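> Residues or ranges marked as domain 'UvrD-like helicase ATP-binding' by TrEMBL: A:1-280. Summarising the annotation, TrEMBL assigns ATP binding site to A:Ala22, A:Gly23, A:Ala24, A:Gly25, A:Ser26, A:Gly27, A:Lys28, A:Thr29, A:Arg278. Annotated domain 'UvrD-like helicase C-terminal' per TrEMBL: A:281-564, in sequence order.
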Amino acid sequence: MKLNSRQTEAVKYISGPCLVLAGAGSGKTRVITNKIAYLVQHCDYKARNIAALTFTNKAAREMKERVGKTLGKKEAKGLMVSTFHTLGLNIIRREYKALGLKANFSLFDDQDQMALLKELTEAELDGDKDLLKLLQSAISNWKNEMLSAAEAQAYAQSERDQLFAHCYELYQRQMKAYNALDFDDLILLPVLLLRDDQEMRQRWQNKIRYLLVDEYQDTNTSQYLFVKLLVGERSRFTVVGDDDQSVYSWRGAQPENLGLLQKDFPSLRVIKLEQNYRSTSRILRTANILIANNPHLFEKALFSEIPDGEMLKVITAKNEDHEAEKVVGELIAHRFLNNTGYKDYSILYRGNHQSRLFEKSLMQNRIPYKISGGTSFFSRSEIKDIMAYLRLLTNLDDDNAFLRIVNTPRREIGPVTLEKLGTYANMRGKSLFASSFELGLEQHLTGRGLENLQRFTRWIVEMSENIERGDSVAALRELVRDIHYEDWLYESSPSPKAAEMRMKNVSQLYSWVTADLEGDNYDNEVKTLKEIVQRLTLRDMMERGEDDDEADQVQLMTLHASKGLEFPYVYLVGAEEGILPHQTSVDEGNVEEERRLAYVGITRAQKELTFTLCKERRQYGELIKPEPSRFLYELPQDDLHWDVEKRPVTQQERMQKGQSHIANLRAAMFKKN
DNA sequence: ATGGTCTTTCTTTTT
DNA sequence: GAAAGACCAT
């Protein structure tokens, strides 16, 4: 397919900063990949001087693949397509000395972070889960706003902020002692480095001569700074985004960054992609009318040349079981009549918990399905265990990893022993591992405890020496054998079947790691265990084409997870007040983001779109009678076919709906102040 | 240390 | 009302 004139303009404009406002389905990925190819083939850029940033590893992988197809292996060599965090990690790995880090730092994911915070703030927060969550996000927000612990303390207004800022400081100190970094550090540290060190800035600006950013509306403050520092005065960059698809503000994303760009780069060229190649005109018209209820930074008018096609449908169900049955029944009939594949259908919902009934119904009807999201591979306990072993072996000071596996499988090292070791380590200001060798420890810890502990740490030393010495693959094989992990799984799992599953996961992880150690991976690079562990913590598992995207399965996912995807037939379920818009968003007066979420859902559909809702729903144990989502009333009713007479017939009724909407907003505002 | 019962929670989530 | 997590008793 040829690029249209707007897309061509976006690809060929390379002499200055460029913002591409890419509506849903307007071919933004095509623009990015074509632009990279254009830079290399027609503008004398070397691939190794071009970087493209995304938010997810999946997006990065896909983009890499697509560029690879147009460019060929040789021309694409050295091209940097990665997430913000991976680029940050790479910079840190190269400049760790300037940052005052040791080479073998650990990466903490948010669970590690939470575990550490919990332990650190026993005195302050007394294990209060809500407060801990708040603290975690407060620290994350501070880091994203580039504030150090000292600055946070200085700015802290409330007593709680004071306390949190104090915990932030404790946390930073402990992370330093562990020689560990969290995800936010992966952006924060490079930004500080580039900001304060001119030579460093020049070096990286010289390396990255053209920068492209996908999903720009999802950037937060530090990520935007990162972009600004990387492009520098030269300002050779293209960012692609759509403010109507900003659904991550609760995670610190600042869609205002789209507007800021114009202020910071007055010569910014703004190019709008308004032709949609995905959906029927009817679906698109519906989406446009819905989103017109939101304020806009940039006006755009999406259009499609695909004919109207089927009406949009609204199906009303008695209750949520009925809803699932209706959707699945409908799906079966539709597939039969249209001779389509299961993978052409997707069921989208607001919250993960909604998936259960659909899953059940699909299973009963023997329909293959795939749920994205839920518990990820890396939060499975067996994977976390093995990862902890690997992390400890690459950074002996990583106390979190140490604690996770010191008694897994059982080594008869119980809480009492660890408690004593912990206090001693604290006293000496050393890591748990290091302390276990100190002579002074024997005054606190004797007999079996000490013996078991030292047997373990000596074994760790031996293992890490084996790895240092070279044959990591053999060393790893030895590790899994030594700890009898398989036996432990069979012992600790509820059923042999579960144990088998878990062992399969371990083998999967193991084969990824060994493939990378031997350079038998997608980029044919031999990696060190340290690098591999860091990348795995970032969830960047280098899957090689074994994606089961091809499998013929109905796709189930949250609206958030559906962003960027498309399906011929979409069921948007739970279109009710309280669910979409979610009640908490209504209470907070943040219906706009919910509307964008509905917009994202609608614009996933290529051919047909069906909303479903329930008259009754069980929620928190009690029966409620939800109203149809206000968004349904905002849609053009002429394009909508309700299965029951639920639509507001008169203009008056419509007004009433709108009014109550405004009244709700007002009530929420009132509540807030 | 393990297993059972009681209590709590019930939006979205990547890195 | 169900599932996960905390807590207590063994």
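Every residue, even glycine, has its Cβ placed from backbone N, Cα and C.
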> Just to confirm: which same-chain residues, 6+ apart in sequence, have a Cβ under 8 Å from the Cβ of A:Lys28 (ATP binding site)?
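In sequence order, A:Val20, A:Ala22, A:Asp214, A:Val240, A:Asp242, A:Leu273 meet the Cβ cut-off.
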> Any idea what DSSP makes of A:Arg278 (ATP binding site), helix, strand or coil?
coil
> Far apart in sequence but close in space: which same-chain residues, 6 or more away, have a Cβ under 8 Å from A:Ala24 (ATP binding site)?
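Listed in sequence order: A:Asp242, A:Asp244, A:Gln245, A:Asn276, A:Arg278, A:Ser279, A:Ala287, A:Leu302, A:Tyr599, A:Val600, A:Thr603.
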> What does DSSP call A:Ser26 (ATP binding site) in the simple three-state scheme?
coil
> With an 8 Å cut-off on Cβ distance to the A:Ala22, A:Gly23, A:Ala24, A:Gly25, A:Ser26, A:Gly27, A:Lys28, A:Thr29, A:Arg278 Cβ center, who else from the chain surrounds the ATP site?
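For the ATP site, the extra neighbours are A:Asp242, A:Leu273, A:Asn276, A:Tyr277.
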> Looking only at the domain 'UvrD-like helicase C-terminal' (A:281-564), report the model's average pLDDT.
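Average per-residue pLDDT within the domain 'UvrD-like helicase C-terminal' (A:281-564): 84.
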> The record names A:Ala22, A:Gly23, A:Ala24, A:Gly25, A:Ser26, A:Gly27, A:Lys28, A:Thr29, A:Arg278 as the residues that bind ATP; what is their largest Cα to Cα distance in Å?
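So the maximum pairwise Cα distance among the ATP binders is 13 Å.
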> When you measure from the Cβ of A:Ala22 (ATP binding site), how many other Cβ atoms are you left with inside 10 Å?
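28, counting other Cβ atoms within 10 Å of A:Ala22 (ATP binding site).
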> Please report the number of other Cβ atoms within 10 Å of the Cβ of A:Arg278 (ATP binding site).
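Other Cβ atoms found within 10 Å: 20.
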> Please work out the number of neighbouring Cβ atoms within 10 Å of the Cβ of A:Ser26 (ATP binding site), leaving out its own Cβ.
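Summing over all protein chains shown, A:Ser26 (ATP binding site) has 26 other Cβ atoms within 10 Å.
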